[in-house]
């Protein structure tokens, strides 16, 4: 029996090889296979956002002005969510709602679903871009893995949360003031600040900022003076074999400050990766819980005692009253189509309100 070893010869003009060669060619801006997803989706998402904030009103969906054309500025303009009556419709331009009419599509809030979906796929494309480039230059894929944190937060807040509610209407609109309003909504209707997943998210993000500041300052403090350049950036050769700063000195310094310190660069930098990414993922999990209307911590005993004893009040009971006030005001303001009217006797009252 004869065994032939070797590769099966391919056709000279193989389409896949031709595309692979062009897409992954070394150029100023790398394209890659991931670019087929990233660049079109990012272009449409940003283009839709700029179009919406410049020209498109929210009068038909929220009863608001939301564009530069109507007098808004960068902080108050937004691409707002579709009307509550449209539920979870994808609002395709050629769908039954707009029927190919671009103006009507914009009035109904079609730009929001357009920006949200293209934005989500653009973020996924950017993550794949990091995987692809890491594989090309033989790096580990931790950059891409880290970027899963922001993707998880975006998908949970803009897509999963409104899918768990009655419609896209309850997602955040794409604008600065609109996001602030959404944060107030989360607090009033879900008591988000007392949610343990939010607490873990805050600990992760602020802890990462602290770690970043400490790490940057420590490296600057322990740089070796082995260059004669005028500043840090010109004093070192990017191909030098020696380390740029003294890990031993840094370890000794923080050992004296705290009693403990990182003694290993790998563990130090993995910890700096782990803290923010875990925080973002915990926040995303918490928002998925809110989509299902899971509650935060409830200290019912304090609420009962506060109701029975006018002299007893805690920061928790004050916040619960404040949340009731947010709901009573925001529900009527935010959902005018419901024609909500709250009589005086149901509005929250407290010792300090």
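Residue positions begin at 1 at the first shown residue.
Each residue, glycine too, has its Cβ placed from N, Cα and C.
Per Swiss-Prot, the feature N-acetylthreonine maps to 2. What Swiss-Prot records for 41-61, 125-141, 153-166, 208-228, 279-295 is transmembrane segment. Summarising the annotation, Swiss-Prot assigns chlorophyll a ChlzD2 binding site to 118 and lists sequence analysis as the type of evidence. Residues annotated as pheophytin a binding site in Swiss-Prot, with sequence analysis given as evidence: 130, 143. The chlorophyll a PD2 binding site annotation in Swiss-Prot covers 198 and rests on sequence analysis. Per Swiss-Prot, the feature plastoquinone binding site maps to 215, 262.
Features per Swiss-Prot, on structure.
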{"residue": "118", "record": "chlorophyll a ChlzD2 binding site", "contacts (Cβ under 8 Å, 6+ apart)": "41, 42, 44, 45, 48"}
{"residue": "130", "record": "pheophytin a binding site", "contacts (Cβ under 8 Å, 6+ apart)": "141, 143, 144, 147"}
{"residue": "198", "record": "chlorophyll a PD2 binding site", "contacts (Cβ under 8 Å, 6+ apart)": "192, 283, 286, 296"}
{"residue": "215", "record": "plastoquinone binding site", "contacts (Cβ under 8 Å, 6+ apart)": "268, 272"}
{"residue": "262", "record": "plastoquinone binding site", "contacts (Cβ under 8 Å, 6+ apart)": "251, 254, 268, 271"}
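Residues 67-70, 72, 77-83, 106-109, 111-112, 114-115, 118-119, 121-122, 125-126, 169, 173-175 of the same chain sit 6 or more residues outside the transmembrane segment (41-61) yet have a Cβ under 8 Å from a Cβ within it. Secondary structure at residue 215 (plastoquinone binding site), as computed by DSSP, is helix.
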